[in-house]
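This report concerns only the one structure given below.
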Amino acid sequence: MKNKFKTQEELVNHLKTVGFVFANSEIYNGLANAWDYGPLGVLLKNNLKNLWWKEFVTKQKDVVGLDSAIILNPLVWKASGHLDNFSDPLIDCKNCKARYRADKLIESFDENIHIAENSSNEEFAKVLNDYEISCPTCKQFNWTEIRHFNLMFKTYQGVIEDAKNVVYLRPETAQGIFVNFKNVQRSMRLHLPFGIAQIGKSFRNEITPGNFIFRTREFEQMEIEFFLKEESAYDIFDKYLNQIENWLVSACGLSLNNLRKHEHPKEELSHYSKKTIDFEYNFLHGFSELYGIAYRTNYDLSVHMNLSKKDLTYFDEQTKEKYVPHVIEPSVGVERLLYAILTEATFIEKLENDDERILMDLKYDLAPYKIAVMPLVNKLKDKAEEIYGKILDLNISATFDNSGSIGKRYRRQDAIGTIYCLTIDFDSLDDQQDPSFTIRERNSMAQKRIKLSELPLYLNQKAHEDFQRQCQK
């Protein structure tokens, strides 16, 4: 019997204990809603990013990569509208001083109340008054006036802090792709349709970050801007919708029961979007946005053309047409997806004799360690370390564990998602060239004896079987 963690606090405590995440600047009492990734968190994040890149870039004939700078010319943000419009409606409770985003306050009160993203302060206030939405913290209805708060982090480039040297940490990776559209298209001799993918850090001075790593002020995005002719926009949109859903289930291990699609009604659409659908996941705090797909029309390239006075049109050599390409944008936050995967995968499993274990049921490609090498007793440590070195030479992510009883070591590895435990025993000494060992599988706890030379084939076969099982769910 498997039971999920009941609260976010329980899950976070486990992840901190075993080395996935740590509170930022913890020796100085931390920094609110900032997290550092420990050894296991780094491995898991890198595996997730590599898995995404493989699926949406490497395996695609029409998608290439880009790594644009975090700090861009401020005119980029002027053209995109971020300088003037990238803000959240901020409201405070006069009674308890709690602070909220007005739009999220309304949404949490009743998700069926739809209000446009670019609504005025007066429109937000009217909804709050009409529905008498009180403070969730103290239950009082005593609000300040709503004011808008710009989310961009401002800093200065150079030694003089004046208006001429103001720059911003990027709030999204997308604009770095748009301003490089022509560079990529020309240098790679690309013909529409094609996509440009990027994984990188973004920064937003969020009013109310929280829910662990769900919403933080520093985060990573995995995005594609797919450029195309207007007529094919909805077909490409649907293609990505299906591909993303399949990938979330088969590669990331998310259950369809914990996923749902939310299409933004017209009044909720961003100013650049003609259609947006979010995949929402059932986090421990409830259903929230996980992975978005937006049809951005030709808005972005058009506004950059207007301000820069540079030609960002595309000339179709076959039809002799010249036009500004339209864009489909699939976008996901690394940390948010990581949180969904960890929520889905981590259980407390009841075993026989009233025993229990924490089981992190991560997919093979995501697991920080595929193998833990364990000597049965300490006198076998040298042989175990020799085999451990040979496994590392096979480019297999592995760890060495010789602390505590073999049972405790099994439990420790189960709790961090390690797929297999290899136990080096006295029979392993019989063949110096091709030693054998016991291999224990994480989920079933079944054990089998194999030789070192058989290990790569065994792992590939098991990974394939795991993938097939997930696809059949």
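Glycine too: its Cβ is placed from the backbone N, Cα and C atoms.
Residues near Glu223 (substrate binding site) in space but far in sequence (CB under 8 A, at least 6 apart, same chain), listed by position: Glu172, Thr173, Ala174, Ile177, Ala197, Gln198, Ile199, Glu329, Pro330, Ser331, Val332. If you look up Swiss-Prot, you'll see Arg101, Glu172, Phe219, Glu220, Gln221, Met222, Glu223, Glu329, Pro330, Ser331, Val332, Gly333 marked as substrate binding site.
DSSP assigns Arg217 (ATP binding site) to coil in the three-state reduction, placing it in neither a helix nor a strand. Per Swiss-Prot, the feature ATP binding site maps to 204-206, 214-219, 289-290, 333-336.
Among the listed binding-site residues, namely Arg215, Arg217, Arg336, the Cβ with the most fellow Cβ atoms inside 10 Å is that of Arg336.
The subset of binding-site residues (Arg101, Phe219, Gln221) lying with their Cα within 10 Å of the Cα of Arg204 (ATP binding site) consists of Phe219, given in sequence order.
Counted over all residue pairs in Arg101, Glu172, Phe219, Glu220, Gln221, Met222, Glu223, Glu329, Pro330, Ser331, Val332, Gly333, the record's binders of substrate, the longest Cα to Cα distance measures 26 angstrom. A simple way to gauge crowding: the CB of Glu206 (ATP binding site) has 16 other CB atoms within 10 angstroms, across all the protein chains here. The local packing around Arg204 (ATP binding site), expressed as other Cβ atoms within 10 Å of its Cβ over all shown chains, amounts to 20. Among the binding-site residues Glu206, Arg215, Leu290, Val334, the ones whose Cα sits within 10 Å of the Cα of Gln221 (substrate binding site) are Val334.
There are 19 other CB atoms within 10 A of the CB of Gln221 (substrate binding site), with all protein chains counted. Glu206 (ATP binding site) and Phe219 (substrate binding site) have their C-alpha atoms 11 Å apart, to the nearest angstrom.
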